[in-house]
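**Student:** Copying in the features that TrEMBL gives for the protein in this structure:
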- 256-291: coiled coil (COILED)
- 10-19: compositional bias 'Basic and acidic residues' (COMPBIAS)
- 149-168: compositional bias 'Basic and acidic residues' (COMPBIAS)
- 381-395: compositional bias 'Basic and acidic residues' (COMPBIAS)
- 402-412: compositional bias 'Basic and acidic residues' (COMPBIAS)
- 495-506: compositional bias 'Basic residues' (COMPBIAS)
- 522-539: compositional bias 'Basic and acidic residues' (COMPBIAS)
- 419-509: domain 'Kri1-like C-terminal' (DOMAIN)
- 1-54: region 'Disordered' (REGION)
- 115-135: region 'Disordered' (REGION)
- 149-184: region 'Disordered' (REGION)
- 365-412: region 'Disordered' (REGION)
- 492-548: region 'Disordered' (REGION)
Amino acid sequence: MARKKSAAKKAREAAEHARAVAGDFTEAKEPVATEPGVSSNSDTSEEEDEYGELLTENVEQLIQKVMGMLKSDPKKLLDPEVKFFDDTDAPVSKKSGDKPMYLKDYHRMNLLSGEYKNDSDNEYGTVDGEKPYLVTQKEERDQLLSDIKNAFKDGDDDDGFLKKKENPEPADAAPRLPDPNANTEEFLCSFLNNQAWIPKKDDKAIDLDAIDREDEQEFEDAVEDFERAYNFRYEDPNSAEIVSYARTQATLRRGKTNARKRVREKKHAIKEQEKLEIEQALQKKKVAKMNKVIDRLAKIKETVGDDVLDEVIERVFGDCLLKDDFDDSDWDGKMSEIFNEQYYDSEMVKPDCGSDDKFMVEFRESSDLGGDADKDDVGEDEGKSDSEEAEEKPRSKSKKEKLKEKKSAKKEKEFLKEKAQKIVEANATKIKEEVEEERGRLRTDEIKFKYREVSPESFGLTTRDIFLADDEQLNQYFSIKKFAPYKPKEQALKDKRKYTKHKQMKQWRYMTFKDTNGPKRQKGEKDDEIWIRVEDVPPKTKKQKTKK
C-alpha cells in the first residue's frame, strides 16, 4: 500500500516546480539585453547595505540623539515637525545598471582595435605572449646548476636553531562587549560604537539556510510519524517496524556442537539431575532414620535401664531399629530376649572363702551374738519406719543437682546420636535401595524386579497333607487367591487364626482322607518317605469328525 504524501511535502514540491519554471524564463530573457548603455529597472541592479556601510559618524550622532530623546522627552518624537535625519544626507543607493562585459567580448574588442600589438606585457613578441621553448629550457638549466652549487656551500640554515621564535603579530582582536544582562545601556552603546554586527575575518559563518532546512526536515519527519500513527491506529504498532538485533559472538561464529552432541549433553544433564535428587532424598532419609533410631534407643534405655550393655541391645534388635513396621509383638519378643540374656543366662560365681579366713570368723561370731537382739528389735524398727516415712516430705532439688541432671541428659543424648549414626551408616546400602524403590525408575533404565521376603506358612497342614491332597481339596481349605497376594501383617495373622482352628482342621481331613488324623501310611512306607498313589486313568477316546 503506497503511503500518502503529507501537505508540507506537496507544498515543497509545488514551490520547487515554480522555481524551476521561473529559472527557465529568466535564462530565456538574458540574451535580449545586448546593447550597451541601456539601463535596466529590475530589482537585481539595486544593492542593499547589508553590513551598515552607510552608517556614518553623522548618522551615529543622530541615533544617539534619538536615544537620548527617548529618555528625556519621548513626547517630542511624536511631533511631525521635529526631524532628526535629512534626506540630503542619504547618498544615492541605486546605481544604473550597465551591460556586463565577458572575456570573449574583451578579446574581440582588442583584436578589432589592434591594441594587442602595443601591449607592454608581451616582451617576447609572441601571439599568445608566453615564453618560447628555448628560453624556458635555458632558464631551467641555469636554475639546476645554481641549486647544485648552493648544496655544497656552508649556509646559515641552522643559525636560528637556538634562537627564540618570534611570535607573529596578532591580528586585530574583536572588541569585547559587556554583559547585556548586567548593563543593557552600556552594551547597546558599545555594540553601536564598535559596529559589532559587521562580520570579521575570523568570525564563524552561520548558515541560516541550513538551520531552516533542518527545522523543515524535523517538521516533515514529525508530520510523517503522525500520519503513520493515524493511518495504522487500528493495527499492531510493532508490525509497522522491523525489529533488528545486534550480532554477538555466539551468532557470528559457528559452534562445534551438532545434533548428536546436544542429545548426549541433554542425557548427561538428566543423569546429573537424577543423581542430585537421589543424594538429596538419601540425606533426608538418613536424617529421618537417625531420629527414629534415637527415639527407639531412648525408649529401650528407659525400659531396661543402665545395667544392660549397648552391645547386647544392638545385637538383639539389629536392623529392627530402622524398620518402619516395628510392631508391639516384635517389641515384646526382643525385650524378653534381652532380659533372658542379661539376667537368666548369666552365671553367678560365689567367692571361695576358707575356714581360717579372718573376715569369715568375725562374721560368724557377730551373727551368733546378735541374732537374738535382732529378732527383738524387728517390731520396733517396723513401727519407727512407718512413722519416719509419714514425716518425710519431698525435698526440692538444688541448682547444682538440676545443672548436673541437664549435663548428664545432654551427654546421654549425644551418646545416643553417635550410636544411631553408626547404625545408619552401617545400613547405608539398604537405605539407598529404599530411596530408589520409592522414586521408581527412569524410562531408559532396565526393569528390575525386587522380590519381597515372606515367611513360609502352612496354615496347620503337614507335608503329607499337602502332597497327598489334590488342588481342589487344598483350595477348599485355603484358596490360592487368598494366599497369593501380599497382605499386611495384621491381616495375615487374622487369616492364620481363622484357618488353623483344630475343629476345622479335623473336619477337612475327614472329608479329604476319611480320617481325622490325616492320610494313613502304605505298607512298606518309612517315616521319612511319602508315597503318592498313582491311579489308572482310562485313555481319552478321540471323537470322530462327521463329514458335512
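Backbone N, Cα and C define each Cβ position, glycine as well.
Any TrEMBL annotation is an automated prediction that lacks curation.
Small disclaimer: the values here were computed from a predicted structure and weren't measured.
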**Student:** Grab the same-chain neighbours of the compositional bias 'Basic and acidic residues' (402-412) for me: Cβ-Cβ under 8 Å, and only residues 6 or more beyond its ends, written as numbers and ranges.
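**Tutor:** Sequence-distant neighbours of the compositional bias 'Basic and acidic residues' (402-412): 301.
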**Student:** Write out how many residues of the compositional bias 'Basic and acidic residues' (402-412) are helix, how many strand and how many coil, based on DSSP.
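**Tutor:** Summed over the compositional bias 'Basic and acidic residues' (402-412), the classes give 11 helix, 0 strand, 0 coil.
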**Student:** Mean pLDDT across the coiled coil (256-291), rounded to an integer, is what?
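**Tutor:** Mean model confidence (pLDDT) across the coiled coil (256-291) is 88.
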**Student:** Please spell out the DSSP helix, strand and coil residue counts for the compositional bias 'Basic residues' (495-506).
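**Tutor:** The counts are 10 helix, 0 strand, 2 coil.
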**Student:** As a quick check of your reading of DSSP, tell me how many residues in the domain 'Kri1-like C-terminal' (419-509) are helical, how many are strand and how many are coil.
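**Tutor:** Summed by class, the stretch gives 56 helix, 0 strand, 35 coil.
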